[in-house]
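Colleague: One structure is given below, represented as structure tokens, and several questions about it will come after.
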Amino acid sequence: MATLKVSDSVPAPSEDAEQLRTAFEGWGTNEDLIISILAHRSAEQRKVIRQAYHETYGEDLLKTLDKELSNDFERAILLWTLEPGERDALLANEATKRWTSSNQVLMEVACTRTSTQLLHARQAYHARYKKSLEEDVAHHTTGDFRKLLVSLVTSYRYEGDEVNMTLAKQEAKLVHEKIKDKQYNDEDVIRILSTRSKAQINATFNRYQDDHGEEILKSLEEGDDDDKFLALLRSTIQCLTRPELYFVDVLRSAINKTGTDEGALTRIVTTRAEIDLKVIGEEYQRRNSIPLEKAITKDTRGDYEKMLVALLGEDDA
């Protein structure tokens with residue numbers, strides 16, 4: 001469930017473009033006006049506003065925003081204003097450039113988007129960077145990380161609800177054997193995670209729990225805590241089966257650590273506000289005994305805070 005609030009009656013894209021132009025003129029930028037428009041428009045509406053702005057003023061709205069704004073607020077506005085596929089392409093490209101073995105953004109993009117959304121991200125990546133996402137991921141990773149991540153970003157899963165229970169039983173047994181032998185990088189394990197539908201994967205891991213008496217994530221917790229690949233594998237399974245729990249963990253880490261991780265906070269809010277941020281927020285409150293909005297307002301300030309609160313659907317608009 002989305003948190004984004006869009007009025008039943010919004011101005012024409014040309015009117016929004018004109019208002020945004022007004023926000024950029026004068027002695028100072030009118031950040032409140034920018035938030036009141038962009039934070040309350042759907043992805044399709046933001047797309048046509050960008051088109052209208054370019055047609056009217058001959059400028060790219062994103063470049064104007066980049067010039068007029070700064071810091072975390074700028075980042076939030078720019079990520080939000082991008083089309084979802086463009087945004088995912090940007091996030092993925094940034095992840096490859098600053099790659100560390102614990103970086104999980106590529107996995108997050110690959111596993112929490114639908115097959116069509118991931119395809120759009122790959123197409124946007126190709127158009128923007130003149131090479132494929134798969135090429136960059138393969139170039140910037142090695143070993144087990146490369147095997148898993150290339151398989152995930154190239155995936156095109158069946159999105160339906162149909163499952164094969166016989167297959168689920170077989171693959172639950174196979175995965176259990178590999179985990180028991182600590183063969184976390186086994187090709188069959190990676191094949192299952194990167195090719196099976198999410199419904200099929202859930203059926204397999206439900207069968208795993210029924211047959212072996214514990215959740216698969218619990219089984220994987222018995223591995224080496226310093227094993228970065230194992231950590232990535234656990235996050236992959238969580239993203240494929242209970243993504244809201246993964247996002248709660250990321251948010252809790254981003255907000256509760258010494259010094260807010262604004263990058264992670266901005267990424268989660270801007271990518272999930274139109275999808276399931278309400279569910280994520282409810283789970284966050286259940287697990288942390290504080291509403292997500294309050295946790296965010298305790299750790300953020302100014303226009304950046306206002307933008308995040310608006311995307312959470314908690315402003316007065």
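Placement of Cβ uses the backbone N, Cα and C atoms for every residue, glycine included.
The Ca(2+) 1 binding site feature in TrEMBL is assigned to PHE24, GLY26, GLY28, GLU68, GLY259, ASP299, THR300, GLU305. As annotated by TrEMBL, Ca(2+) 2 binding site applies to ILE255, LYS257.
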Colleague: Which residues of the same chain, at least 6 positions away in sequence, have a Cβ lying under 8 Å from the Cβ of GLU305 (Ca(2+) 1 binding site)?
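Modeller: The list for GLU305 (Ca(2+) 1 binding site) reads ILE296, THR297, given in order along the sequence.
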Colleague: Express the distance between the Cα positions of GLY28 (Ca(2+) 1 binding site) and ILE255 (Ca(2+) 2 binding site) as a whole number of Å.
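Modeller: Cα-Cα distance, GLY28 (Ca(2+) 1 binding site) to ILE255 (Ca(2+) 2 binding site): 30 Å.
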Colleague: What is the Cβ neighbour count of ASP299 (Ca(2+) 1 binding site) at a 10 Å cut-off, with all protein chains included?
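Modeller: Neighbour count, Cβ to Cβ under the 10 Å cut-off: 18.
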Colleague: Could you state the CA-to-CA distance between GLU68 (Ca(2+) 1 binding site) and ILE255 (Ca(2+) 2 binding site) to the nearest Å?
Modeller: 27
Colleague: Does GLY259 (Ca(2+) 1 binding site) have same-chain partners at least 6 apart in sequence with Cβ under 8 Å from its own Cβ, and which are they?
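Modeller: When sequence neighbours closer than 6 are ignored, GLY259 (Ca(2+) 1 binding site) has nothing within Cβ distance under 8 Å.
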Colleague: Take the C-alpha atoms of GLY26 (Ca(2+) 1 binding site) and ILE255 (Ca(2+) 2 binding site) and report the distance between them in angstrom, rounded.
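Modeller: ILE255 (Ca(2+) 2 binding site) has its Cα 35 Å from the Cα of GLY26 (Ca(2+) 1 binding site).
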Colleague: Of PHE24, ASP299, THR300, which binding-site residues come within 10 Å of ILE255 (Ca(2+) 2 binding site), going by C-alpha to C-alpha distance?
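Modeller: Within 10 Å Cα-Cα: ASP299, THR300.
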Colleague: Tell me the Cβ contacts of THR300 (Ca(2+) 1 binding site) under 8 Å, same chain only and six or more apart in sequence, or just say none.
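Modeller: Correct list: ASP72, THR260, GLU262, LEU265, LEU308.
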Colleague: Sequence gap of 6 or more, C-beta under 8 Å: which same-chain residues meet both conditions with respect to PHE24 (Ca(2+) 1 binding site)?
Modeller: ASN30, THR64, GLU68
